[in-house]
Ligand SMILES: NC(=O)c1ccc[n+]([C@@H]2O[C@H](COP(=O)([O-])OP(=O)(O)OC[C@H]3O[C@@H](n4cnc5c(N)ncnc54)[C@H](O)[C@@H]3O)[C@@H](O)[C@H]2O)c1
Ligand SMILES: O=C(O)C(=O)C[C@@H](O)[C@H](O)[C@H](O)COP(=O)(O)O
Ligand SMILES: [Zn+2]
């Protein structure tokens, strides 16, 4: 099974990220000049001792390394965490293991402060390397600890959820939440390597796996119409976690994210903001529901519905787009509405969105499948109507 490469005529690829297929592995490069790094997508290769294994890729990406700090989600300590530890050279590398409790609540100032103390206590110096093993929560938290401890440690992302494989491990956004806003404290800090072993997905609960599909579908809407069509035809197989379509969906998502990040690493030109499709609503849903009550991907699915409704309402796209997006989200078994959505609670939180410029909210709105634009000056009554459409 294969999806065709993006057609040059309809979708000029001005910053192509290299995609190489090697047997059952795929390698994508995030092109950022001196900060470029590989995303290695494998199936079951973590403990291989040859050049395809984790240890070889780590050595290639990092160079000298005598101290590794594994920051891992407690729920993958015995599986992915253990596989990474066993793959590391037994001599010459000291390994410190720091565990973080599962869940969004760990992306907090309290947990971060403790983590800084734990890094200090285990003798971390500026040549130490942080390896984050877990989902987006661990990647965001450990990445921010790496960005800030002694003004910056090299770090590696080993994502173990679908969402982290397709989105959060790539692109260098790291950070924690404040009670009043998602990811309000953070830094752009790129990893040196993203190591994706799809075998780690075998233990992931269905609800978490499905949550990751929201970000996968996002790429189709924002910049890859061919991928959206591929997902429409293959969503049932991807939900079953059939290896080939699942690996293709992960690779194509990473390719999309790598392309956008290479274009606008620090979200200054506006290009990277497209990755925030649905997120202005989603972050307000997560904050008002209470962090962790609604999964990030679930909130993104509902947020994409609200954004698409807003776009139809303002005349930027036709209703057909919303129909196709609704059908795909439904086929992916993602929520499309939230009965408790309250515009009066959500709008003040949305006002703190990181896309706000000169005090005005900006929304990523679809024009057609595969194309979105950043729109400012949206009347509040239309925003309220878009929220109310999905209660
Ligand atoms: N930095 C970015 O660019 C970016 C992008 C998207 C999302 N995010 C952030 O990512 C977070 C969501 O990430 P997530 O969905 O991975 O959630 P998560 O990290 O909370 O992981 C989800 C759950 O799955 C468990 N888990 C992880 N791997 C497992 C495995 N292999 N087997 C069994 N259980 C496993 C975890 O313990 C947790 O309970 C949010 O905080 C979101 O804001 C960041
Ligand atoms: O990488 C990006 O850029 C994204 O916006 C990806 C989003 O999926 C992700 O949820 C991100 O953490 C949101 O960032 P924020 O800047 O809106 O906090
Ligand atoms: Zn997201």
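Cβ coordinates come from backbone N, Cα and C, glycine included.
Whatever TrEMBL says is automated annotation, not expert-curated.
Per TrEMBL, region 'Disordered' is recorded for 1-23. Annotated domain '3-dehydroquinate synthase N-terminal' per TrEMBL: 99-210, in sequence order. As annotated by TrEMBL, NAD(+) binding site applies to 102-107, 136-140, 160-161, 173, 182, 200-203. Residues or ranges marked as domain '3-dehydroquinate synthase C-terminal' in TrEMBL: 212-356. The Zn(2+) binding site annotation in TrEMBL covers 215, 279, 296.
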**Asked** So which one is it: of the binding-site residues 102, 139, 215, 279, which has the fewest other Cβ atoms within 10 Å?
**Response** 102
**Request:** Rank the binding-site residues 105, 136, 203 by the number of other Cβ atoms within 10 Å of each Cβ and report the first-ranked residue.
**Result:** 136
**Item:** Spatial separation of residue 296 (Zn(2+) binding site) from residue 105 (NAD(+) binding site) - C-alpha basis, Å
**Value:** 13
**Asked** Which residues, in sequence order, are found in the same chain with Cβ within 8 Å of the centroid defined by the Cβ atoms of 215, 279, 296 at the Zn(2+) site, excluding those residues themselves?
**Response** 163, 167, 214, 218, 278, 282, 297, 299, 300, 303
**Close-lying binding-site residues around ligand 2 among 102, 139, 161, 279, where CB distance stays under 6 Å** = 279
**Request:** Name the secondary structure element type, per DSSP in three states, that contains residue 102 (NAD(+) binding site).
**Result:** coil
**Request:** By DSSP assignment, list the helix, strand and coil residue numbers for the domain '3-dehydroquinate synthase C-terminal' (212-356), in that order.
**Result:** 104 helix, 2 strand, 39 coil
**Prompt:** Other than its own, how many Cβ atoms are within 10 Å of the Cβ belonging to residue 296 (Zn(2+) binding site)?
**Reply:** 26
